[in-house]
Amino acid sequence: MASISEPDGPQVYPRRSDPWFTDGNIVLETEGTQFKVYQGILAANSSIFGDLFNIGQGDAEHVVENCYVVQLSDKAEDLRIVLHSLHDCTMYDHVGMDKKIPVNVLIAYLRLGRKYDIAHLSEIAMSKLDLEYPTTLEARRRIIASSSIPWPRFIDIDRTKREHFLMVNIIREHDIHKYLPCAMLVCAAANPNDPREEKTWSLFSPNPAVNNDERYLSTIDHFACMRGQKIIGQLLFDDTFSWMKSSDCPCSTPQCAEFKSSLLSRYVSPINIGWAFATWDPKWECKLCPECITLCTNCTNQGAQKVWNQLPSIFGLPAWDELASA
């Protein structure tokens, strides 16, 4: 006599999450989480949702509070953020150009903005990436000069949570590789000799061989950042600040030589590879002769541009123009 199999355990029902409007007319479900919202608002903001609703009204056998349920495959947190943004205009208060956008909001806008053709959300995310990870040296200098806020300036990236590594992975996920050189530069900028660099979130902390956590770099990117740090550190003094140790200057004034030597010792330890893209500092002119000022200014600016031009290849990436057209 055949036995009747018992269920493995109690049935698990989807949980309800905000936004959940009592008078909503469509329920979206993903990862066991449901949201009750307005079909018209979704269709007005997304051609994909509009087409989806025109094709059918969801699962006819699955109805919640007289609303059809549409099954999606997105991350529940991403969907929650996007639905809140579409149904509550005050959500945009945190994405103004003078404010930092939270990392999780930027990721949700990128993922679902692109997937569901919600143009204004994906445009917000891309505009923040443009500012945080500039693709020209001129743009980088302009942003730094116009802001008194230290990095990060436009995306609320928390290094202690390894979110600078997460951004590299998100950029790769969406194939917007033009942002990779600066994103990887941020990761490579960590200094192993700086006591402020915690082992748990530094580039030099253990990087598991197998780890699905998006906050860890891939092995290839991890080694590229470590290699890039060494290369840029060398180029800093071979190009941008080469005048600090150069004997090619025709000036024979002892004061100039002594000042250059003192500057060199100041910048050697600890090395900040961001200095490789520095502009000439007028404060240096007080102890240099006019001839040295002209020569060293040109050397700094030309050297910084040279290093910038090499930045993608330093991290094993195509040239800037190829990245921009990809």
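Just so it is clear, glycine is given a Cβ too, placed from its N, Cα and C backbone atoms.
According to TrEMBL, the protein has these features:
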- 22-88: domain 'BTB' (DOMAIN)
Counting by DSSP, what is the helix, strand and coil composition of the domain 'BTB' (22-88)?
28 helix, 21 strand, 18 coil
Mean of the pLDDT scores, which run from 0 to 100, over the domain 'BTB' (22-88):
90
